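K.L.:
Before anything else, here's the structure in question.
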Amino acid sequence: CAEPCVSPRLLPCLHSLCARCLRRLGPRGEPGPAAHLSVLCPLCDAEVALPPGGLGHLIPDYLARSRGGTAAAGGCDLCAEGAAVRRCRTCGAQLCLFCCQAHRRQKKTASHAVVELENTEDCSQARKPLFCPSHPTEELRLFCEQCDQPVCQDCVADRHRQHPYDFTSNVIHRHGNALRELLKDTQQHMGILEDVLGQIDDMGSAVRSHAEDVAAEICLFASGYVKAIEEHRDRLLKQLEALKVQKENLLHLQKAQLQQLLLDMRTGVEFTEHLLMSGSDLEILITKGVVASRLAKLNSVAYDTHPSVDDGIRFSPQERAGQCCGYEVFGAILNKVVDPARCTLHGEDLQSARQNQLTGFSLLCNDTTGERMRQGGEAVRVTITHKDKKDCAVEPTVCDNGDGTYHISYSPEEPGLYGVCVYVKGQHVQGSPFTLMVKNKFREHRGVFHCCTFCSSGGQKAARCACGGTMPGGYQGCGHGHKGHPGCPHWSCCGQVKESSECLGGPPGSTWQRSLLRTVVL
């Protein structure tokens with residue numbers, strides 16, 4: 001408050017506040033019998049707990065009073081209201097005029113020597129006795145061990161009766177040594193903290209220094225990178241300009257050639273029409289040869305019905321463009337445009353598949369000249385729909401390989417004929433649409449036979465395969481190969497096979513015997 005310090009009290013954070021400042025502090029917490037009130041120290045902003053009695057029970061800061069100098073000498077130590085005009089040499093108290101008279105009238109202090117205040121220096125150097133706050137006339141000379149606080153003789157006889165106590169001069173060494181040990185530990189921590197703070201300051205300086213160095217490196221790198229990008233930009237613009245000029249020149253050349261051809265044809269047509277309309281029969285017959293030769297020659301001239309170049313110029317920012325000024329740069333001009341009509345389909349299982357088996361085929365994208373595209377990113381769409389069951393469709397998976405090829409995989413759940421459409425940029429590719437035949441899944445044969453059961457039985461109609469199938473209705477061919485038998489799919493022989501040919505249903509190496517072959521043929 002920047003005013004004379006009156007009745008200073010010591011907070012648990014060891015900051016001293018006068019009574020006026022303490023009254024301004026609002027206790028924190030809910031009031032109540034068991035409430036723990038606290039205040040915020042205005043000096044360190046720490047929340048400190050108050051004693052059960054509140055602000056009034058905080059320990060008085062006697063050192064602050066002795067440091068007060070003139071301010072401390074200006075007030076009476078007994079009433080704290082009047083101005084001090086005298087000092088008791090015996091007890092060291094500073095007294096106002098009223099308290100000085102009372103000091104002389106009391107029995108215990110009547111013999112004290114009271115003198116006038118001559119100078120503040122003498123006042124501050126004198127070590128004053130401390131009086132009990134509960135008994136202002138009694139000096140604090142004793143120390144209660146149980147309550148751990150100085151007391152007077154009246155306190156020992158009253159509230160501290162039967163408590164162990166001793167004179168302050170006898171216990172000061174023990175308690176002072178304990179404080180010195182704590183002080184020593186605290187000073188060690190202070191030294192460690194000061195070292196850590198020094199290290200933190202040094203680390204902060206190092207961080208700032210390194211940050212400045214890295215910032216310089218970043219600026220150097222960025223300037224170099226910007227220079228590389230600008231150079232790459234200029235190179236791309238030159239490449240684009242050259243490509244544009246090349247395409248324009250080709251278009252101009254094609255245009256000039258076609259214009260000349262058109263002019264020649266127009267001349268021939270006009271001459272011929274005029275000849276046929278205005279010429280006589282003899283004139284037509286005379287000039288027919290040269291006119292026919294000219295028109296035939298004009299009609300035989302080959303010319304392209306489409307522009308010789310396309311407008312396929314695009315920029316791919318993700319394309320790697322190599323090194324420029326020591327930096328890797330991205331971005332390339334792509335003048336190739338995919339042509340769906342030149343894209344082709346490849347794969348062994350392109351038009352056939354098995355039920356519930358994963359299969360697929362590949363799509364190879366080409367440009368308008370038939371050259372393979374070297375990058376992906378095209379809009380590829382594939383539909384696979386059952387021809388008999390319109391609500392039955394297969395959801396294919398299209399994988400972009402990034403090199404102009406795409407792998408389409410699928411797993412049909414229903415057998416039958418499917419229509420497959422493959423689109424690139426919304427247009428059918430070469431060979432699309434096409435028909436896909438999905439066959440029933442393989443059935444595992446559990447029988448053990450030499451060539452086939454029918455052949456091994458000598459051609460008996462009642463022969464039964466190990467899987468349980470029979471051959472009702474007589475022999476119609478054996479069925480594994482091309483004719484198929486309705487009774488058992490494992491009949492795999494045919495009367496037209498030659499001697500020593502392998503059976504489709506038997507184990508590898510099974511061959512026909514001559515006698516069995518005759519039986520089958522018969």
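Using the three backbone atoms N, Cα and C, a Cβ is placed for every residue, glycine included.
TrEMBL labels come from automatic prediction, so no person has curated them.
Sharing the record's features from TrEMBL:
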type	residues	note
DOMAIN	1-45	domain 'RING-type'
DOMAIN	76-117	domain 'B box-type'
DOMAIN	127-163	domain 'B box-type'
COILED	226-257	coiled coil
REPEAT	335-438	repeat 'Filamin'
K.L.:
DSSP-wise, what's the residue breakdown of the domain 'B box-type' (127-163) into helix, strand and coil?
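P.N.:
In the domain 'B box-type' (127-163), the DSSP-based counts are 5 helix, 8 strand, 24 coil.
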K.L.:
With DSSP as the yardstick, break the repeat 'Filamin' (335-438) down into helix, strand and coil residue counts.
P.N.:
3 helix, 51 strand, 50 coil
K.L.:
Mind tallying the domain 'B box-type' (76-117) by DSSP state, helix then strand then coil?
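P.N.:
Here the numbers are 9 helix, 9 strand, 24 coil.
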K.L.:
Can you tell me the mean pLDDT for the repeat 'Filamin' (335-438)?
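P.N.:
Taking every residue of the repeat 'Filamin' (335-438) together, the mean pLDDT is 87.
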